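Here is the structure we will look at, set down as structure tokens.
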Amino acid sequence: MVRYMVTSALPYANGPIHAGHLAGAYLPADIFVRYLRLKGEDVVFICGTDEHGTPISFRALKEGRSPREIVDEFHEHIKITFQRAKISFDFFGRTELPIHYKLSQQFFLKAYENGHLVKKVTKQAYCEHDKMFLPDRFVIGTCPFCGAENQRGDQCEVCGRPLTPEILINPRCALCGRPISFRESAHYYIKMQDFAEKLKRWIENQPWKPNVKNMVLKWIEEGLEERAITRDLNWGIPVPLDEEDMKNKVLYVWFEAPIGYISITMEYFKRLGKPNEWKKYWLNIDSETRVIHFIGKDNIPFHAIFWPAFLMAYGKYKDEEVEAEWNLPYDIPANEYLTLEGKKFSTSRNWAIWVHEFLDVFPADYLRYYLTTIMPETRDSDFSFAEFKTRINEELVNNLGNFVHRAMTFVNRYFDGIVPERGELDELDRQALEEIEKAFEEVGELIMNYRFKDALKRVMELASFGNKYFDHKQPWKTAKEDRARTGTTVNISLQIVKALGILLEPFLPDASEKIWHLLNLDEVKKWKFKELPAGHRVRKAEILFKKVTDEQIIYFILNYMGRNNPEGAKMLLEKYYKREDVIKVAKEKFGEESKIILKRIYKDIKLEEGKEEKEMEYVKFEDFAKLDLRVGKIIEVKDHPNADKLYIVKVDLGKEVRTLVAGLKKYYKPEELLNKYVIIVANLEPKKLRGVESQGMLLAADDGENVALLMPDKEVKLGAKVR
């Protein structure tokens, strides 16, 4: 029996996941795995955070925090985001696991022992201002191949070619922006030319997507060169050699990150109490395992050339139980890029749809559905808010949801919720049953060929057929004159509903579960259709999907994009909506805060366009006296684990320490808040904000663009009352 080891690219633990990530490497893998599970296949689905990338060190330096704090925060954040998006990993690990350190060092040593590494002293990028060697991603400049500016020194985001700081035009430090110099430093390189012919022969025989196969064969034909696999960094996996010039150096993340697929699998089975089970999936013991890596376009060379070369460099794995070669990738179904309203996603400019924010407003199934319909399988595709709304409303609500609701309503209204007997079948009845069988066969074949857009389209065609079948049969008419015929129509309609409940599972797991609940089924879903028996009782009809409204989209743009990227939000709002409609939604959703939000986006807005200022309302002294305002000192600042814009702040009030949640992240760095004297409302009723209880409120001034904390102009006793 074939086994499947399915992986998704390890996301960097230095920031949240956006819709482009989801559409590229995670949603397609999840659809594929859910289908395999329905088929009863032996499949393990693995992922985890890549925690030693230079972006992590970069962010830690900029924020004055330790890399470990960064990766701990984002490992948990990314894990929760995937859970909310219904990505069903068997195990979501991390490369900070001890087992990963051990295995990565083992891979290095085996390549070293087998003669595939060479030490070279080369000139490395160095910043005289920051007094440090610069990893490739800390250097920016112009790509020598395509001329794109502001490209990092490891890979061009425009043409996809690998880069090094040495070949960049006008290289400079990404931290301070100053020109860099180059200093000599010893590093180990993997001799990629050792594997060129073997890789070429192997790749030529792989059934990969043309976009993947053509790219990597072209690279090999152009010649593979030695590539550094160690770095001058203090965060990462130490080089496992006792050599003076290897001290304070780590394994290059592009070398050790893919090893994480194996180490995370090891950790998964270790936690299951089966520490040797991983070998069935990663070692070529019986030629029955298919290792499938789902990745984005930018990861193709690393997974299709370098990663297989690392496995070859290791040679045979050997222990007391087994001696075998590593399984090379069976397939690498890489997707192209997703753009947003015609522009490339940009995390630095906050031109992105962050998944955790989107799921605050819209159900996971809506995001999964739309991303699948536009999945960039063979070419780049675009996320459009207008198309998102149209597809959800016309396809999910009006087609799929409508058919399920019609069938469920009718069986309850005319047959007391009991599946009726089926009478004599006519040609259309038989066609309906054939359509069910054909759908299972065709959808399954499309999924196995990674044609997820077409597979979902085929599922929706069955829902469309169900509506046409229902309309043609007109059971609302036959119910009055031919109950048996009506029973047949309802029976077959419910068979289609059940089929949809299974067929939707890989794509829309929540909708699939709702249909299963409506049909009152407790059987395990399988990719083999078994009819609902006559006499089975179903539940009352419920609405499966609700329409997406303009108000929801405006709210999302205002509340999330508007706070992070006001110019981008303005462009979107002006593209789709009248300003008065935006103002109306802002007033309804945000109240008084709407003025601040609108002013941030529309610089030219007049107050009367938003809301007239009320005359000042006086507060009675006895009401003001109820506030207990105290002086405190901030002694600790941490990122909120469940919110990007919030800090968790500890404030010393002299006799006690309070925990507060404060929305200051956009305006203050942690080090700017530490040891500051502040004013807090001490008798405010505690309230949980994103899962953390806030025991008071910091006082601050807000003019719509800037926020400034209120602070005493000289030190006073902690806990002193403000009068």
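The backbone N, Cα and C atoms fix where each Cβ goes, and this holds for glycine too.
Keep in mind that this is a model prediction, so the values were computed, not measured.
The motif ''KMSKS' region' annotation in Swiss-Prot falls on one of the ranges 39-43, 344-348, 479-483, 654-658, namely 344-348. Looking at 11-21, 154-164, 319-329, 385-395, the range tied to motif ''HIGH' region' in Swiss-Prot is 11-21. Other Cβ atoms within 10 Å of the Cβ of C143 (Zn(2+) binding site) number 21 in total over all chains. With a threshold of 8 Å between CB atoms, the same-chain residues lying at least 6 positions outside the motif ''KMSKS' region' (344-348) that come near it are 15, 18-20, 337-338. For C159 (Zn(2+) binding site), applying a Cβ distance below 8 Å and a minimum sequence separation of six or more within one chain yields C143, F145, C146, A148.
Just so you know, the Cβ of T347 (ATP binding site) picks up 15 other Cβ atoms within 10 Å once every protein chain is counted. Most other Cβ atoms within 10 A: among the binding-site residues C146, C156, that distinction falls to C156. In terms of DSSP secondary structure, the motif ''KMSKS' region' (344-348) contains 0 helix, 2 strand, 3 coil.
When the alpha carbons of T347 (ATP binding site) and C156 (Zn(2+) binding site) are compared, the span between them is 16 angstrom. Residues in the motif ''HIGH' region' (11-21) partition by DSSP class (helix H, G, I; strand E, B; coil) as 3 helix, 2 strand, 6 coil.
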